[in-house]
Amino acid sequence: MTLRVAVIGARGRIGSEAVRAVEAAPDLELVAALGRDSDLGELTGAGAEVAVELTHPDSVMRNLEFCAANGIHTVVGTTGWTPERIELLEGWLAASPGTGTLIAPNFSIGAVLTMQFAQQAAKYFESVEVVELHHNRKADAPSGTATRTAQLIAAARDAAGLPRQSDPTTHGLPGARGADVDGVPVHAVRLRGLLAHQEVLFGDTGETLTIRHDSLHHSCFMPGILLGVRRVTETPGLTFGLENFLDL
Ligand SMILES: NC(=O)C1=CN([C@@H]2O[C@H](COP(=O)(O)OP(=O)(O)OC[C@H]3O[C@@H](n4cnc5c(N)ncnc54)[C@H](OP(=O)(O)O)[C@@H]3O)[C@@H](O)[C@H]2O)C=CC1
Ligand SMILES: O=C(O)C1=N[C@H](C(=O)O)C[C@H](O)C1
């Protein structure tokens, strides 16, 4: 028995790679590949059991509302997650018992480990900054991965009773110290030629620690997407982060 899978955002950078990955998986069947102009009814018409959502922060909510209402499980890579959006999604899933959604800020194993290592290091260093670097066609900044990394670092520091970090910078151009994500400065670089990269910089007396991850090709996201597709059908409700499906 194969699992019937659809990809929404099928012509995009990651979506087109996901289409190929699903087609190549013997236990999965690609039953629909939707672009911006497609009718969401194609999902139900094709009998999709799982939809992989890889579109744009402006599109993702409408697509997920439709999927939840129709009992279609979703694996979501699209960024733009706020507490308000998560609450809305949880409401749609609550009204559709048995339906599961995985939101993964990053599907690559290296990025998931980067977040875990950063969380682990967070309480040992006074200073921490996140630098994310992406291709220049990216829709948003900071990246979903950098935002999640900073949130995890901040939570680890709060749990250890560490104060929010501060420095004596009082003069300069707005933005020079990056965006403030839960007290952690996050800097975003956009450069033609890059794909997706992140450095987490830690500093304390006489030493620094740099955790760096580089995504060099969209293929690095595929094992995570396929794992999500296979696991989400047996995981009702919202799961946030691929680490929940990994044995780390
Ligand atoms: N979690 C992860 O590991 C990863 C997440 N991402 C995220 O995935 C998202 C897509 O990234 P990327 O592929 O680079 O972006 P692209 O712009 O290359 O692709 C997005 C695609 O979605 C299409 N699209 C937009 N709205 C809709 C809609 N309502 N229905 C169907 N299709 C739609 C676009 O069509 P059109 O071109 O006509 O606008 C486009 O083909 C981003 O949020 C990105 O941050 C990316 C890589 C990894
Ligand atoms: O837009 C991208 O390319 C990526 N988006 C995700 C993010 O914002 O974190 C994941 C990865 O960084 C690639």
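Don't overthink the numbers, they just go from 1 along the chain as shown.
The backbone N, Cα and C atoms fix where each Cβ goes, glycine too.
Applying an 8 A CB threshold to same-chain residues 6+ apart, the list for His134 (active site, proton donor/acceptor) reads Ala141, Ser143, Ala188, Val189, Arg190, Leu191, Leu194, Leu195, Ala196, His197. The active site, proton donor/acceptor feature in TrEMBL is assigned to His134.
The active site, proton donor annotation in TrEMBL covers Lys138. All protein chains shown were included, and the count of other CB atoms within 10 Å of the CB of Lys138 (active site, proton donor) stands at 16.
As annotated by TrEMBL, NAD(+) binding site applies to Gly9, Ala10, Arg11, Gly12, Arg13, Ile14, Gly77, Thr78, Thr79, Ala104, Pro105, Asn106, Phe107. The number of other CB atoms found within 10 A of the CB of Gly9 (NAD(+) binding site), across every protein chain shown, is 26.
Among the features that TrEMBL reports, domain 'Dihydrodipicolinate reductase N-terminal' is placed at 4-107.
The feature domain 'Dihydrodipicolinate reductase C-terminal' is assigned by TrEMBL to 110-246.
TrEMBL lists 159-179 with the feature region 'Disordered'. Helix, strand and coil content of the region 'Disordered' (159-179), in residues and according to DSSP, is 1 helix, 1 strand, 19 coil.
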Long-range neighbours of the region 'Disordered' (159-179), counting only residues six or more past its ends (CB under 8 A): 122-123, 126-130, 141-142, 185-188
Close-lying recorded positions around ligand 2 among Gly9, Phe107, Lys138, where CB distance stays under 6 Å: Lys138
Greatest inter-residue Cα distance in Å for the NAD(+)-binding set Gly9, Ala10, Arg11, Gly12, Arg13, Ile14, Gly77, Thr78, Thr79, Ala104, Pro105, Asn106, Phe107: 20
Rounded inter-Cα distance in Å - Arg13 (NAD(+) binding site), Lys138 (active site, proton donor): 10
